[in-house]
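Have a look at the structure below before the remarks.
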Amino acid sequence: MTDSRPVLTMTGISKSFPGVRALHNVDFRLYPGEVHALMGENGAGKSTLIKVLTGVYGIDEGTITLGDEQVAFSGPMQASAAGVSTVYQEVNLCPNLSVAENIFIGREPRRLGAVRWGEVRRQARQLLTRLDLDIDVTAPVASYSLAVQQMVAIARAIDVQARVLILDEPTSSLDAGEVAQLFRVMRQLRDEGIAILFVTHFLDQVYGIADRITVLRNGTLVGEYPTAELPQLALVEKMIGKELDVLERIEEQPRRELAAVEGGTPFVAVSELGRKGAVAPFTLNIHAGEVVGLAGLLGSGRTEAARLFFGADRADRGEVAVNGTPTSLRSPIQAIEQGIGFCSENRRAEGIIPDLTVRENMILAMQAARGWLRPIPRRRQDELVEQYIKALSIRPANPDLPVRNLSGGNQQKVLLARWLITEPRLLILDEPTRGIDIGAKAEIQKLVVQLSDGGMAVLFISAELEEVLRLSHKVVVMRDREMVAQLDNDDTVDADRVMQTIASGSQREEANQ
Amino acid sequence: MTTSSLTTGPSWARLPRRHVPVLVTLALLLVMYSIGVSQYRAFSNVQVIFNIFIDYGFLLVVAVGMTFVILTGGIDLSVGSVVAMTAMVSAWLLQSGLPALLVLVIALLIGPALGFLMGCAIHFFDIQPFIVTLAGMFFARGMCTFISSSSIPITDGFWTTMAQHRIGDPRGNFVSIGVLITLAVVLVAAYVLAYTRLGRNVYAIGGNPQSALLMGLPVARTRIAVYTISGLCSAIGGILLSFYTLSGAPLIAVGMELDVIAAVVIGGTVLTGGSGYVFGTVLGVLVLGVIQALITFDGSLNSWWTKIVIGGLLFAFILFQRLIGIRYK
Amino acid sequence: MSERLKPILSHRLFWPLAVLAVMVVANTIYRPGFLAVEVNNGHLYGTPIDILRLSAPLILVGLGMTLVIATGGIDLSVGSICAISGAIACLHISEASDQNSLVTVFTALAMALGAALVLGAWNGVLVSVIGIQPIIATLILMVAGRGLAQLVTEGQIITINSGPYRAIGLGHFLTLPLAIFIALGAALLVAALTRRTALGMIIESVGGNREASRLAGIRSSRMVFLVYVVSAACAAVAGFMMTANVSSADGNNAGLWVELDAILAVVIGGTSLAGGRFYLSGTIVGALIIQTLTTTVYAMNISPQTALLFKAVVVIAVCLIQAPAFRAKFGRRGRGTPPPAAPAQPRQKEEVTA
């Protein structure tokens, strides 16, 4: 930790939108050469604070001081010219342009108005070497993994002599190895004296890299703490306030007994099911009332495996039996007819229909199963929708609002409702708690427990091992598109052991160090 | 961990993909040309190629403008009407006795002005390019008949010189001045796209407009610029057409936008934007020209076969772009 | 403006209907006889009837186009399909010994409709199975279709003399032109199919997010395929009307630019070109606006080409009025609470509804 003066000071920041007070009297300091985590639930004001800082929004009250000057940026461009650059969660690059061009577009070295391509490539290579990245800078950015793209975005950001680098949830699409690489770059930049503002939902990552933490809640400042002096539980407590007890109640749940649910004919049994290029053949049984957790790194094949269960992709080998009867799952509708539901991890691209109302989004799967000739009567719709809005406490509780007006967590609940309405016997949940706040997360976890107690089989996929271990009867471990282990979730199984299974024999081992 | 493990595939397998569509168009052009040469002796005459440039020069210029628009992911349906309007305005002003140079300047200003307005409507009011340029198409075509419902001949000395002057070699092969103008437009456009910030911004917007905005690129200016450029190219095309036909006719170049779009797509530019080259567009126009030449040489085929063949080629190329994995968003 | 007017003003049909009303009023002022309808020979005659009759083909094409656009697609080939189906029907009739035979006419219609369905299926396969962007996929048939139509007519204009066929365009039923009933019937059929069943919602869902719809169990590809076939069928019937109106088929000019008019009608009617929500009633009003405009301009003795000037103005006016960006800039300022500023937020993150 440096002892110099802060490079950035925000004092008494307030910002209101019509009807909403997004920030109220928030202070924030950022020192050169530190990684500073900004924490808070969705709606706490993190995004607004960043947008106020980079000039996307104006401020109602308060001052922003960068170095010795008071500043008020007119937009991200002016901010980055002054040395405050932002890298967003979804990489904002042009996929069709080369790596070098993506770094320099808009400020290419030119002679007489003509872009000097040789110089662009040379400088790009130089810059990427600084980030310890050795790639072909003439290849289009789209041909590289998300992690590399993120590095390219960072390279673009720091090229403008950045003093402050804002990383807004940069890790949510990266696997552990990629996160490790990102962290290495972050540390290097920190050591060069750049101040890094880091926003993430992953607590582990905060403790892995941040020097200090600032916590926001409901648009107000909770406090600023050195990471070493703020234990994880205390952080969660500060973030969610009184709702913590919900999470703890789940925490205290006893280990789930596999023996209680295993036995008899499995609801779904697949043997040697596989798809070339997606997931190697695997065998798995899921019983009624059983929660099977699918653990593994991003890209380990967990989503691909789940998609085969649902017929979202066609398996090119292997057999499926539902209730002991051999069958084939060649399309989602066939899976739905067999009583299977699938909540995709990609809520925006594969989940919600943003234009349609909450009601329509909820009844969609049920309607699809009935066929278009048999519309669900309006009264039945009202009953169902009202029931699930109440049961899942969806806010705002207006069924005729377009679903795009809801927050991420509420959209996720609408999707859950869509599947619960079909009364599935197996529900596949792919990362249902990602990117939503802790309160909603706890509610969804609680729901999974209730559903399985009621006899529903659940295939639960999550990047967070603790969540998987907390909910599952059985943990299936995926690695490199292969199923490597099925562990009964008894006392011998803990996060370390699962992590070892994931890591053993993998080149990504270092990621967990 | 080695960072290189994060890259995908060796560079030799990845690089040419961007160029493949253009190369295929080139191959197709060569195949069609050799068919022509093997079937008809006169086809091997260099003048056949020159004639294609003479006959299709105005189309090529317009297609170059369209390439800019399509590269940003937009579309300009107004080009055919703007070509006709430019020719019409020139003929009308010349008839009313204005000096040739002044007419030229006025005619060359109308197209870009309309393009600029359309660009503004598209960008600032967020109306689909398809609809705005459709209105532009209606407007320009309406202006044509508003000026005159029948065609106006051009007798101006400058125009007739431009129409009749031949630049050739001793063996009798020649091109018109229009062809030289066409080539100049092509070269300037290729340079702008490859070497200027404006050109690179065009590609960036076509790749991902939201990223382009966040990367601080002047999206508004660029987007308006491409429609203005397309308007300018249409105006130049209109002047070239009036050189060629020595008249302004209200119903000329109807449906030309389809040929232009077809040429651009056959030339390997992806209609969703972000990928393509002016050179490909030149090849695309040549393909259309060679098809027409082949059908003319054959003599037994009717003119409608041109349309069917162009449609077939469009299909083949789009299918091909799908197969080699050029992704449409 | 009182609070009571607000729901009326914000109704999606308000502006299209207002434009239509303004045009009718302007016409009546210019030519007081505009609205007059007289009975002659047991049939109703008059400008309003003419407008309804002449807008029938556009309404038909517009219905199909609405469904296509609702799925996020576009069908540029409808004009060509009109020409092809008209050409096939006229060709068959012209070759028959008795052109007035009902059997001949129905065979001709069936053949032409069949051909149109095949073409629609071709579009559908390109878009839904091969996955080509709709605007390009249908561009193929838009270009090649004109050639095909001329191939059918061998470049000639086929003239026929068939009473029953003529009736499709010019016949009367219950004092009104038959064409109006055909268009109305088609509109009611499409409306019933989409709004009395779940088909409408399913189409909107596919247009809103095709992959999500597929994962919700909707056979998205099948739906997309279907709308192109329906669009082609609508275009074929429109093609019959167009050729019946003039008792001849011209491969080059029949249905020329009808696709553009149809797209305009759909957009004027409030359906977004991006897909999703669709409004059949809006499309019908849009088609009526376009036809009223054309008729007005004819009545003022302006050449049909110059009429395009007016069309351009109306198109831009209607689109501007409906464009949210335009309303935001020039709309009523300072009244009530504007919706929370939703600045162009390219980053698709979770919105916070606090």
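Backbone N, Cα and C define each Cβ position, glycine as well.
It should be emphasised that the depicted structure is a prediction, and the values quoted were computed from it without experimental measurement.
According to TrEMBL:
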- C:331-354: region 'Disordered' (REGION)
- C:12-31: transmembrane segment (TRANSMEM)
- C:51-69: transmembrane segment (TRANSMEM)
- C:76-94: transmembrane segment (TRANSMEM)
- C:100-119: transmembrane segment (TRANSMEM)
- C:126-149: transmembrane segment (TRANSMEM)
- C:169-193: transmembrane segment (TRANSMEM)
- C:223-242: transmembrane segment (TRANSMEM)
- C:278-300: transmembrane segment (TRANSMEM)
- C:306-326: transmembrane segment (TRANSMEM)
Please report, as numbers and ranges, the same-chain residues at least 6 past the borders of the transmembrane segment (C:51-69) whose CB is under 8 Å from any CB of it.
75, 78, 82, 134, 176-177, 179-180, 182-183, 186-187, 190, 194, 203, 207, 227-228, 230-235, 237-239, 241-242, 255, 258-259, 261-263, 265-266, 269, 271-273, 275, 278-280, 283-284, 286-288, 290-292, 294-295
Count the CB pairs under 8 A between the transmembrane segment (C:12-31) and each of C:76-94, C:169-193, C:306-326, then give me the winner.
C:306-326
Cβ pairs under 8 Å only, please: of the recorded stretches C:100-119, C:126-149, C:169-193, which one is richest in them relative to the transmembrane segment (C:223-242)?
C:100-119
Range from C:76-94, C:100-119, C:169-193, C:278-300 with the greatest count of C-beta pairs under 8 A to the transmembrane segment (C:126-149):
C:76-94
How about long-range neighbours of the transmembrane segment (C:76-94): same chain, 6 or more residues beyond its ends, C-beta under 8 Å?
57, 61, 64-65, 104-105, 107-109, 111-113, 115-116, 119-120, 123, 135, 138-142, 144-146, 148-149, 152-153, 158-160, 162, 165, 231-232, 234-236, 238-240, 242-243, 248-259, 262
